[in-house]
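Engineer: So TrEMBL lists these for the protein:
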type: REPEAT; residues: 49-82; note: repeat 'WD'
type: REPEAT; residues: 97-139; note: repeat 'WD'
type: REPEAT; residues: 213-234; note: repeat 'WD'
Amino acid sequence: MPLKSAWVMFAEASQDDKNMCASGGLDNVCTVWQLPTAADPAGKLLFSLEGHEGYVCNGRFLGDNKLLTTSGDNSASLWDMNALPEGKDIDMRGFIFEGHDKDVTSCDFKPGAFKEFVTSSADGSMMTWAIGQKTPTSTMRLYQADLDAGMKRGQTKTLIDVNKVKYQSNGFGIGVATEAMGSFLYDVRTLGAANTFVGSSAESKSIPKYSCAFSKSGRLMFVGTEDNTIEVWDTFKPDAGSTLQSLTMNHDNRITEVCVPTTGCVCASASWDTTGSIIQP
């Protein structure tokens with residue numbers, strides 16, 4: 001399916017019988033396609049959703065022709081493709097979620113429901129939201145001073161970029177991948193880190209983590225990294241100092257996305273080396 005912009009930052013397929021796919025990138029537009037079928041093997045463009053004032057980097061279908069996107073304009077937006085306003089060069093967003101101070105890097109819906117979701121941001125925070133409410137229901141901030149025992153009293157707290165969030169299967173845990181402080185498991189009930197996933201060396205702590213996903217049970221957390229590997233962590237092991245396994249997917253560059261299907265049978269990855277991989281245990 002050809003796109004107007006080659007700089008694509010995400011692609012997401014709908015999980016219903018609509019057979020749609022959405023993508024977004026540096027052109028600030030979210031494009032929605034009808035996936036190819038036997039009757040129409042070429043597929044077709046359905047919508048070009050305009051309104052974001054920054055790049056569009058993540059998106060999730062809600063069902064019923066609705067889509068949630070996140071953007072570099074510090075917001076998340078809900079689009080209702082059943083009721084898009086008509087006209088040229090107009091804001092087509094149905095609902096805007098504002099609260100982050102910097103780029104909103106990812107989003108994920110709470111398992112089993114499309115009424116609650118979580119976002120991550122380069123402002124060092126994760127926020128939970130309810131559909132229909134413009135302000136977040138809770139905020140979790142990631143400060144280096146809170147995580148590094150070597151920080152001195154009075155030293156300025158530094159917020160750490162959050163690159164990706166993902167709900168654990170029970171809906172209470174949130175996996176977090178950060179730019180410079182490893183990865184974490186947050187508990188939405190206490191709004192704090194329930195577990196820390198950082199290697200024993202200082203070097204391993206500083207390696208950027210770009211994405212995360214959970215096994216079907218929610219016990220294992222997969223983390224895509226700058227050093228071309230997928231870290232596998234046991235969320236039951238408190239303050240884990242080492243991974244269960246480091247999956248080498250034959251990638252030659254950073255792994256920007258990892259995912260596990262609902263069946264839990266494989267782990268897939270996407271990399272800056274222009275390839276994707278699937279590993280089956």
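The backbone N, Cα and C atoms fix where each Cβ goes, glycine too.
Remember, TrEMBL labels are computer predictions, not curated facts.
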Engineer: May I have the DSSP-based helix, strand and coil counts for the residues of the repeat 'WD' (213-234)?
Structural biologist: 0 helix, 14 strand, 8 coil
Engineer: Average pLDDT across the repeat 'WD' (213-234)?
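Structural biologist: Mean pLDDT across the repeat 'WD' (213-234) comes out at 94.
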